[in-house]
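K.L.:
Quick one: this structure, given as structure tokens, is what I'll be asking you about.
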Amino acid sequence: MANTEAFFSQTLAERDPELFATITEEQERQETGIELIASENITSKAVLEAQGSVLTNKYAEGYPHRRYYGGCEAVDVTEQLAIDRAKKLFNCEFVNVQPHSGAQANGAVMLALLQPGDTIMGMSLSSGGHLTHGAAPAQSGKWFNAVQYEVSPETLLIDYDAIEAQALECKPKMIIAGGSAIPRQIDFKRFREIADKVGAYLFVDMAHIAGLVATGVHPSPLPHAHVVTTTTHKTLRGPRGGMILSNDLDLGKKINSAVFPGYQGGPLMHVIAGKAVAFGEALKPEFTDYIKQVVANAKALAEVMVERGCDIVTGGTDTHLMLVDLRPKGLKGNAADAALERAGITCNKNGIPFDTEKPMVTSGIRLGTPAATSRGFGIEEFQKVGHLISDVLDGLVEMPEGNPEVEARVLAEVRELCKRFPLYR
């Protein structure tokens, strides 16, 4: 008879010290550094607890009360709780919480509503779109006739008239709105008018702005879109995962079939539990306060970056993120990204609209405020962060291979700032 006592009692530190050391190292990195990657956030301890629960043991193919396995009573309640909370949060009629990621949510929508070879229109990566919106290397770019639209070369804003003209020409079956680097509000009503003119589905990917939509800080796409997807981390501050929403129950049936059995097998019930926790947190008044602070912090950070000699794409931000154009300083995104990381500040190199640099080089960086706001940073702290970033960039102008003296000083200041805002305790 095998001895199961150790299997059920040993901690991770005891059972796998090598992996435990790696996780401890990552926790230290998060604790002592400033996270400005716009697509990242910090979940609550309650979300972590749900994700680490015994629900990870349970297979639950199907949907609540329509499963292919027995023993699903508790997970049925869990999934229904996540669905009901999401419906309330976004004021919609249909929700599927099973997608493992935003990319899989997007893929399931396309599987539900399109046939291979259909024409789709999505924003190009260079203008701020996402890989899954028809970029050439992605499945959506290979399976469909993917037409990409750009922002205006003059204003760098979404040019709705140009998109309408393009749609009238190519007659897409689906128009995709949303992206990964759009700092301004999106006019979903105008997008729906364009879609209706050509008989297309309007599909909105609100992964980046879901928290803003949930709190009314950004207009909701749900009154206008046929279908909406989102991730559940980013500004929603939940576990990494995806979700599909709609007010069309007939489309909802197609989407459910596309998610399972079409695109995925068993749902990750421990992650869905984490989603339920996060949606419950987002329904509380303090989450609205948090999102308002995220946006205020982004505006404050953008103002400092401009004051210190950078350009902000579109001149500012209405959301949680901004694109910093480094060309006025003669810098490249990859060098800035690396220098900032050496100084304890994590962001990502990012192309700017009509960038002439390669994707692994870029002319810009993307900055976001959700994660640092989650740990308690306010406007004063983000103004400080803006100056620290600018110090590193100016040091890089002086010494293009890296400025050890400036980076060491900024790193020390970052460490001191982070001590005031500890994470899990």
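Each Cβ is built from the backbone N, Cα and C atoms, and glycine gets one as well.
Worth saying up front: this structure is predicted, and the values here are computed from it rather than measured.
Below are the features listed in Swiss-Prot for this protein:
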{"type": "BINDING", "residues": "LEU125, GLY129, HIS130, LEU131", "note": "(6S)-5,6,7,8-tetrahydrofolate binding site"}
{"type": "MOD_RES", "residues": "LYS234", "note": "N6-(pyridoxal phosphate)lysine"}
{"type": "SITE", "residues": "HIS233", "note": "site 'Plays an important role in substrate specificity'"}
K.L.:
Tell me, by DSSP, whether HIS130 ((6S)-5,6,7,8-tetrahydrofolate binding site) is helix, strand or coil?
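P.N.:
In the DSSP reduction, HIS130 ((6S)-5,6,7,8-tetrahydrofolate binding site) maps to coil.
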K.L.:
Quiz question: given the binding-site residues LEU125, LEU131, which has the greatest number of C-beta atoms lying within 10 angstroms of its own C-beta?
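P.N.:
Result for the most crowded candidate: LEU125.
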K.L.:
For HIS233 (site 'Plays an important role in substrate specificity'), name the DSSP secondary structure in the helix/strand/coil scheme.
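P.N.:
Where HIS233 (site 'Plays an important role in substrate specificity') sits, the three-state DSSP reduction gives coil.
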K.L.:
Please report how many Å separate the Cα atom of GLY129 ((6S)-5,6,7,8-tetrahydrofolate binding site) from that of HIS233 (site 'Plays an important role in substrate specificity'), as a whole number.
P.N.:
18
K.L.:
In the same chain, which residues outside the set LEU125, GLY129, HIS130, LEU131 have their CB within 8 A of the centroid of the CB atoms that define the (6S)-5,6,7,8-tetrahydrofolate site?
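P.N.:
Near the (6S)-5,6,7,8-tetrahydrofolate site, the remaining chain residues are GLY122, MET123, SER124, GLY128, THR132, HIS133, GLY134, ALA135, ALA138, GLY179, SER180.
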K.L.:
Tell me which residues of the chain lie with their Cβ under 8 angstroms from that of HIS130 ((6S)-5,6,7,8-tetrahydrofolate binding site), as long as they are six or more apart in sequence?
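P.N.:
Result: ASN106, GLY122, MET123, GLY178, GLY179, SER180, ASP205, ALA207.
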K.L.:
For LEU125 ((6S)-5,6,7,8-tetrahydrofolate binding site), just give me the three-state DSSP call.
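P.N.:
In three-state terms, LEU125 ((6S)-5,6,7,8-tetrahydrofolate binding site) counts as helix.
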K.L.:
Can you name the residues of this chain that are 6 or more positions from HIS233 (site 'Plays an important role in substrate specificity') yet have a C-beta less than 8 Å from its C-beta?
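P.N.:
HIS233 (site 'Plays an important role in substrate specificity') has long-range Cβ partners SER39, GLU40, ASN41, THR43, PRO239, ARG240, GLY241.
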K.L.:
Could you state the CA-to-CA distance between LEU125 ((6S)-5,6,7,8-tetrahydrofolate binding site) and LYS234 (N6-(pyridoxal phosphate)lysine) to the nearest Å?
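P.N.:
Between the Cα atoms of LEU125 ((6S)-5,6,7,8-tetrahydrofolate binding site) and LYS234 (N6-(pyridoxal phosphate)lysine), the distance comes to 19 Å.
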K.L.:
List the same-chain residues at least 6 positions away in sequence whose Cβ sits under 8 Å from the Cβ of the residue listed as 'N6-(pyridoxal phosphate)lysine', in sequence order, or say none.
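P.N.:
The answer is ALA38, SER39, GLU40, ASN41, ALA207, HIS208, ALA210, GLY211, PRO370.
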